[in-house]
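Structure first, commentary second.
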Amino acid sequence: MASTRGEFSSRFGFIMAAAGSAVGLGNIWGFPTQAASNGGAAFLLVYLVLAFTLAYPALMAELIIGRHAHGNAVTALRLISPGSLSRRIGAGTGIIGLVVASLILSFYAIVAGWMIAHCLGSVAELLAMDALASWLTSFSFSRNLLFMMLFMALTIGIISEGVQQGIERWSSRLMPILLITLLILVGYVLTLEGAATGLKIYLLPDFDRALSPSLIIKALGAAFFSLSLGVGTMLIYGSYISDRENLPVLGGMVTLVDISIAVMAGFLVLPAMYVALNNGVEIFNASGGLISEDTLIFTVLPELFQTMGIAGIVVSFTFFFLMSIAALTSSISMLEVPVAYTIEEHGVSRKLAVVLIGLAITGISTVILLNFGELFGLVVTVTTRYSQPLLGFMFCIYAGWVWRRDQVLQELQKGNAGAEHSTFWKIWPLYVRVVCPVIILAIFAQSLWGAG
């Protein structure tokens with residue numbers, strides 16, 4: 001079955017694809033300001049520890065289930081279920097996961113479209129096409145619709161080519177470009193006046209806050225969401241891994257790449273914010289906290305770029321180019337989740353499945369744009385705050401409690417002879433059975449409390 005449905009041709013290709021799925025807009029625009037607002041290096045330290053004690057075990061649950069089944073989430077959860085009830089619940093969980101992945105992509109495509117528009121806006125400004133530059137960087141339905149559709153077309157084009165020629169080939173190209181672009185931006189920003197203050201905010205620890213429950217829960221959430229867990233993207237990528245590969249090693253590499261890029265982004269965003277402050281741009285909100293996320297990306301940084309002359313236009317283009325790549329590497333994994341299900345469960349060709357589902361998600365994005373004030377925040381909240389943690393919880397329950405332990409071990413022994421004697425096998429089952437579900441529920445409870 002694996003041979004007919006596609007398989008990653010190399011370890012590098014899988015790591016780039018999975019890391020690309022994990023490295024998204026949140027890693028670059030959300031994580032650095034979250035760290036700065038929650039104790040700097042103390043938050044970083046807690047985040048790093050939790051990434052390997054929570055996110056990595058949860059990631060492994062998805063990868064192991066996926067490779068065992070060599071199928072989509074619905075097929076996989078059915079396959080590892082011993083009874084009719086658990087099979088039905090597993091199938092339902094898989095279907096909810098593909099719906100959530102589709103909904104996340106529907107708003108993600110809108111935000112990614114903004115990134116592309118701002119990137120092209122820098123080109124228009126460089127060419128003195130001021131009216132076009134203004135349109136590209138201003139919020140409007142026509143701009144949002146056009147660039148959302150462009151982004152979806154790029155995603156559809158990549159996924160339609162399959163696992164090796166589409167996902168693997170483009171991830172292997174885009175991720176090194178993303179890393180090089182990030183390093184160039186970090187190197188440049190650190191030379192600017194004011195950057196040192198941002199570095200201090202990011203790196204100097206406030207250990208008084210390191211053990212506070214609120215900081216730990218926030219770091220837990222950052223670690224869990226940074227690996228795009230809970231919607232089946234890692235499960236479907238795991239299903240394309242060869243049986244010859246050592247899964248714990250691969251999962252560790254993906255976790256390391258993702259965390260490294262998130263941490264590296266802090267060396268860009270926080271110094272850039274304080275460079276902006278040094279140039280007269282306001283970076284604090286009314287309550288005295290750092291401006292974060294969308295306001296940072298679309299207000300603070302563009303104002304900074306405007307103070308830098310021609311260099312600012314070049315930096316603006318490079319930054320939004322970076323963000324566009326980060327969005328694209330994540331979007332292809334989201335689209336693959338419902339596409340794989342449609343191909344395998346309904347016998348549809350890949351190209352037809354990609355077009356039909358891609359058009360459906362584009363339609364959902366259009367509806368969101370037409371009702372932006374009412375729907376955008378609602379879809380974001382329902383999918384990321386509520387659905388993702390609960391789906392991640394279910395994957396851990398199935399890997400730890402529903403699936404027979406001897407079958408889990410047999411899967412781990414593929415490409416990893418002697419797995420039963422490894423430190424991973426001695427620790428991971430307890431984590432995925434007890435620690436991960438409890439912590440995920442704690443994150444979920446905190447998100448509910450935070451919403452209230």
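Positions of Cβ are set from backbone N, Cα and C atoms, glycine also.
For 12-29 (among others), the entry in TrEMBL reads transmembrane segment. Counting residues 6+ beyond its ends, the transmembrane segment (12-29) has Cβ neighbours under 8 Å at 108, 111-112, 115, 164, 167-169, 171-172, 174-176, 178, 182, 225-228, 233-234, 237, 240-241, 245, 250, 253-254, 257-258, 261-262, 265, 268-269, 292-294, 296-297, 322-323, 326-327, 329-330, 332-334 in the same chain.
Beyond its flanks by at least six residues, the transmembrane segment (41-59) meets 34-35, 202-207, 209-210, 215-216, 218-220, 222-224, 226-227, 229, 234, 251-252, 254-255, 259, 263, 266, 392, 395-396, 428, 431-432, 435-436, 439-440 of its own chain at Cβ-Cβ distances under 8 Å. Positions annotated as transmembrane segment by TrEMBL: 41-59 (among others).
As annotated by TrEMBL, transmembrane segment applies to 95-117 (among others).
What TrEMBL lists as transmembrane segment is 145-163 (among others).
Taken from TrEMBL, the feature transmembrane segment covers 175-195 (among others). Panel annotation: around the transmembrane segment (175-195), residues 16, 19-20, 23, 28, 261, 264-265, 267-268, 271-272, 274-279, 315, 318-319, 321-322, 325-326, 329 of the same chain, lying at least six beyond its termini, place a Cβ under 8 Å from a Cβ of the stretch.
Sequence annotations record features per position, and here TrEMBL assigns transmembrane segment to 215-237 (among others). Note on the transmembrane segment (215-237): residues 8, 14, 17-18, 21-22, 24, 26-27, 30-31, 34, 38-39, 42-43, 46-47, 50-51, 54-55, 58-59, 62-63, 65-66, 72-73, 76, 94, 97-98, 100-101, 104, 209, 254-255, 258-259, 262, 330, 333-334, 336-337, 340, 384, 387-392, 395, 439-440, 442-443, 446-447 of its chain, located 6 or more positions outside it, place their CB under 8 angstroms from a CB of the stretch.
Here TrEMBL flags 249-277 (among others) as transmembrane segment. Outside the transmembrane segment (249-277) by six or more residues, the chain places 11, 14-15, 18-19, 22-23, 27-29, 31-33, 35-36, 44, 47-48, 51-52, 55-56, 59-60, 63, 178-179, 182-183, 185-186, 189-190, 192-199, 201-202, 226-227, 241, 283, 290-291, 296, 300-301, 303-304, 307, 416 with a CB less than 8 A from a CB of the stretch.
Annotated transmembrane segment per TrEMBL: 308-332 (among others), in sequence order.
With a threshold of 8 Å between CB atoms, the same-chain residues lying at least 6 positions outside the transmembrane segment (352-373) that come near it are 102-103, 105-107, 109-110, 141, 144-145, 148-149, 152, 155-156, 159-160, 335, 338-339, 342-343, 346, 379. As annotated by TrEMBL, transmembrane segment applies to 352-373 (among others).
The transmembrane segment annotation in TrEMBL covers 385-403 (among others).
Per TrEMBL, transmembrane segment is recorded for 430-449 (among others).
Remote same-chain partners of the transmembrane segment (308-332), defined as residues 6 or more beyond its termini with a Cβ less than 8 Å from a stretch Cβ, comprise 17, 20-25, 27-29, 105, 108-109, 111-112, 115-116, 118-119, 121-123, 125-126, 151, 154-155, 158-159, 166-167, 170-171, 174-175, 177-178, 181-182, 184-185, 188-189, 228, 279, 297, 301-302.
Counting same-chain residues at least six beyond the ends of the transmembrane segment (95-117), those with a Cβ under 8 angstroms from any Cβ of the stretch are 24-25, 72-74, 136-137, 143-144, 146-152, 155, 230-233, 294, 298, 320, 323-324, 327-328, 330-331, 334-335, 337-338, 341, 357, 360-362, 364-365, 368-369, 376, 379-380, 382-384, 387-388, 391.
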